[in-house]
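Quick look at what Swiss-Prot lists:
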TRANSMEM  7-27  transmembrane segment
TRANSMEM  77-97  transmembrane segment
TRANSMEM  112-132  transmembrane segment
TRANSMEM  149-169  transmembrane segment
TRANSMEM  180-200  transmembrane segment
TRANSMEM  235-255  transmembrane segment
TRANSMEM  276-296  transmembrane segment
TRANSMEM  315-335  transmembrane segment
Amino acid sequence: MAVFTELFWITLKIMALVVPLMLAVAYLTYAERRVIGAMQDRRGPNRVGYQGLLQPIADALKLVMKEISIPSNANRVLFVIAPLLAIMPALAAWAVIPVAEGWAIADINAGLLYILAMTSLGVYGIIIAGWASNSKYALLGTLRASAQVVSYEIAMGFALVGVLMAAGSMNLGQIIQAQAGGIFHWFWLPLLPLFLVYWISGVAETNRAPFDVAEGESEIVAGFHVEYSGTSFAVFFLAEYANMILISAVAAVMFLGGWYSPFHGWPILGPMLDWVPGVVWFMLKTAFFMFCYLWFRATFPRYRYDQIMRLGWKVLIPVTVVWLIVLTIFIVTGFGPWF
């Protein structure tokens with residue numbers, strides 16, 4: 001009976017996290033179209049429901065009702081399971097992310113390592129999709145995506161090593177507690193170069209603009225999912241947006257104090273805003289980074305493939321190595337309120 005009760009509570013916690021996450025993914029697509037529409041001086045979707053609020057549901061129904069066509073020369077088994085391999089790591093990574101104090105499915109001491117592992121596993125779904133499709137365009141998109149993830153995973157890993165050094169722990173809850181205080185106590189300030197490297201690497205890892213060469217419509221006809229349609233295409237679509245939310249949430253945890261208020265400890269604003277739950281601050285910080293994704297897409301043109309590789313290997317990795325040395329000096333000398 002005790003085992004059944006434990007399994008029931010674990011399942012309940014997973015559902016309480018996955019269902020809102022899937023809703024957030026669906027409405028992020030709506031937000032993207034509205035925000036980019038506003039930036040381009042147009043309205044965006046506004047016909048389905050009030051102000052277009054039912055547009056994601058209409059899009060989902062359209063994709064579900066479409067036929068899933070499998071190319072005649074494709075590897076059928078791998079072709080079908082590739083979308084699942086793309087979305088599962090994006091959802092599984094949320095198991096260790098504390099959305100508020102004590103609100104995590106699994107509070108493990110190697111949470112940071114687990115996050116790095118999950119973010120790098122998603123590329124296997126892309127690789128398998130490109131190879132199983134038996135299409136030269138899909139294969140080219142796969143090669144680009146895998147090289148890009150390998151290049152930027154190193155820079156992202158080094159950036160998160162800086163967080164590990166500053167917090168002295170790989171437990172995400174303890175990393176947030178090490179940033180207890182207002183906005184100037186968070187790690188974004190002493191780790192500013194690492195923060196910027198992490199964010200640029202995160203955008204590149206999710207294959208979003210301006211690093212979306214894996215889906216270069218003008219070059220390789222939408223890249224690795226060119227042969228997918230219907231529900232299987234929708235799953236790839238969900239995986240991309242779920243990864244965007246994941247990278248944004250990890251940025252909020254690692255550099256922006258997680259559930260802490262930016263005014264925590266301030267003489268006047270601090271007590272006035274103490275009533276706001278930590279989960280609200282966490283969601284606001286995550287939403288800020290998701291808005292940055294949309295802002296980048298509306299602002300920057302797509303980089304050339306060689307420019308992306310040069311940025312990853314010749315700029316971001318050297319910056320992280322240099323700042324890790326500077327951070328070591330900060331820690332040894334006890335610089336500022338962070339160490």
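Glycine too: its Cβ is placed from the backbone N, Cα and C atoms.
Of the candidate ranges 7-27, 112-132, 235-255, 276-296, 235-255 has the most C-beta pairs within less than 8 angstroms of the transmembrane segment (180-200). Within the chain, the transmembrane segment (112-132) has long-range Cβ neighbours (under 8 A, six or more residues past its boundaries) at 74-75, 78-79, 81-87, 89-90, 92-93, 95-97, 138-143, 145-146, 149, 153, 156-157, 160, 163-164, 170-172, 175, 205, 214, 223-225, 228, 236, 239, 243, 246-247, 250.
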